[in-house]
Amino acid sequence: MSLHIYIAHTGEHLLADPVSFASPDALRSWIARNTSIAIQRQILMTARGKNVKIQTLATENEIFLYDRQYVSEPGSVDLPDVPPPPSFKPSNPPDTLADQNDLQAWRNLYMARRTWALALAESCTTINGSLQEHNEHSEIVYRGVGVALENLKSHVAGLENKFQEAQTWADDLIKEQKSALDGWQRALEKLESIPARKDISFLGRPSTPKKGTRDRSNGTLQDFLDVDDVRRAASRGNAVSQSFSRRIDEVKKAVGSIASDTRVLLDQAQPPHLDETHSILEEVETIAKKVSSDYEHVLGLPSNQKSLANISRMALAHTKELLPSLLELTLELQNALEQAVRHRNTATKMAITHMRKVSSLESRLADIQGQIANLDVDGDVFEVLYAVFHLPVVYGSVLIEAVRRREWREKLKADSLTLAEEMAVFRDEEQRRRKKWLKTTGELIALPDDMTPGLEINLQGQGPEWPEVHRKDIENYIDALKSKGGMTAVVEELSQLYADLDNPTRQQKRRAKAFKHGSVIDMGRSSLLIRGDDMVRSLRDEKVKLEDKLKGSESRIRKLEDLLHRQSHITRPLSGNFGSDLPTSPASPLLDPLSRRSSVSSRRLSANQTGEDKALVQRVLTLEADLLAEREVVQRLQREAHVERQSSTDRMQEAQSTKEDLIKNLESRQREFEDERRYLEADAKQLQHRIEELEEELCQVLDRRDHEKQDVEDRTTRLKNSASRSYTTQLILEKDCYLTKMRKYPSYKHDWTK
């Protein structure tokens, strides 16, 4: 696969092997050796309008080369025109006939015409080749302009996107500035009526003067601000905001102007349609073949009057139709060649003009990008105004932080004392154990008195003391804010911060639940640096969870009782051995009244009955007992079946609930994954776009550096040449002066001799 290198301003075409170039610099060196374009003047782009990169150099098929001296703005160098083609005046077709009654004379005429037609067709082939070459050059020039415009379009699109982001940011900033300028007086008046402590010395801007007073309990939030500084900032803020708004409008107009000029340039740079000339050459070749075939046909005719008549008619047709048409087509092809040369010169000039416009737009675009990047506002002015609005939240946050630090310091001291006491107990116990062990050994072991290692705890890194703030102070401050109008957002934010004061840290949560998660080491550590109410809070959370579970269990029990109650009224035979004749009364260890009456009557009449009657009565009693036993078995089986059925139903419901929970969990995870994937894809696209922008900016910086380097080298060369000329002129003047003195030396010598 060859690498096609197109010179955009001339339309020339070079072929190279892309594998032989390890970097764009190697490609530039190869181009400099094969063309007259120096490395510093080369601009390389792909067919997609991107700068050539080392990562994609081996996979590129086409590269467009631009010469910086022709496309830079302003341009002082123009390309010379392509010289017009040499004039072509074909000779007239042969029409000399020696004897119209002689067959050989006719053959000579046909042969001369055949030679003339073939020579003309060959000339037309050469002309058409030159014509196609000029058209290819023109097409390459137009493609080069299109590639440059694609590069410009991508830059303009990036500029518009960047400006949209900047405008969104600027609109929000201007809205904040307007809100601050409109409401700073009301906010300042509110600060004057909000009580505050005066012992917080580190609160306030560095430029705020510290007001010394003995009353450290009474004060307002306005004491932390310099009111004169706020008023000066407000008076300057209007001018700063208006100036910033005007800058945004100017940048917007400049971006719109660049975009409109780019659209106009795109419309102007549309390549014209080139006429196809292949049909002309085909017609010329067809006519030449016809003349040649007629000559061959004449050679095969016999010498008679009929043949002469046919030959004469064919020659007349050639004279009136074929040969004039061939001559006209040749002149038309020559005119097309001259037009192609003129079109190529026009395309070259147009391309240079358009590329210089592109260069001008790129310069304006780079300037606007710099302005967008440097869009900023005097932050000190509005920081003073913003402090008026943020001071209530900041002051409340300081109070909450003071409480948090005080409680943490107290907890640290308490835990330190507890740890020191525990370690002292361990040390005393170890000392007693060692003494006891020495007593058991008698006098066989002689050891010096050793000190048992102990632990000493010192609190270090104690900075400046914060003011003594209690939770009641925070609650009073929040109540004071609630009494003021229009401070709902501040109250909500501080209330949330105050509620977060009771939340343990992540490490404290982990240690509070350490043993539950199976970490004995963490459980041991949890006795230190954990708040006294952390365990209570953890148990309270567990209690809430258990209450929720209990409510769910109670609801489930009620459902089961209702199901059991309805099931008790339904008769469900368990097998075919028990039909509908079985009673469905509930299980009871006693006989029903009918059986009791029958048994009593049977016992009452037993004395008057015969042995057969006694046997029947005994048989009835036995059957009643069997029936009762069977009833109990049936009821027991029914209860077991009901319990089993209920258990199966519960398991099915639990499995269904678990399945639904799993499905919901999977759907939720899938939605989260899809949202994260979309976010990552958008972030990747944005980063890729940013990478391309940075690469474009880097290429532009490198191009500008190369251009400046070339300018410096040119200036250095000019200065060297100027210095060389000055030095040569000085040498010539000194030589002339010396020769003049030498010519005058004899007269001076004569005077000296006298």
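Sequential numbering from 1, following the chain as shown.
The backbone N, Cα and C atoms fix where each Cβ goes, and this holds for glycine too.
Caution: TrEMBL annotation is automatic and unverified by curators.
Summarising the annotation, TrEMBL assigns coiled coil to 326-378 (among others).
Feature annotation from TrEMBL assigns coiled coil to 536-563 (among others).
For 620-704 (among others), the entry in TrEMBL reads coiled coil.
The compositional bias 'Pro residues' feature in TrEMBL is assigned to 81-93. Long-range contacts of the compositional bias 'Pro residues' (81-93) within the same chain, counting only residues at least 6 positions beyond its ends with a Cβ under 8 Å from a Cβ of the stretch, are 113, 116-117, 120, 123, 127, 130, 134, 318-319, 323, 326-327, 330-331, 334, 337-338, 341-342, 344-345, 348.
What TrEMBL records for 580-606 is compositional bias 'Low complexity'.
Residues or ranges marked as domain 'Autophagy protein ATG17-like' in TrEMBL: 96-445.
Secondary structure of the region 'Disordered' (75-95), assigned with DSSP and counted as helix (H, G, I), strand (E, B) and coil, comes to 0 helix, 0 strand, 21 coil. Positions annotated as region 'Disordered' by TrEMBL: 75-95 (among others).
According to TrEMBL, the region 'Disordered' annotation covers 571-611 (among others).
Taken as a whole, the domain 'Autophagy protein ATG17-like' (96-445) shows an average pLDDT of 85 in this prediction.
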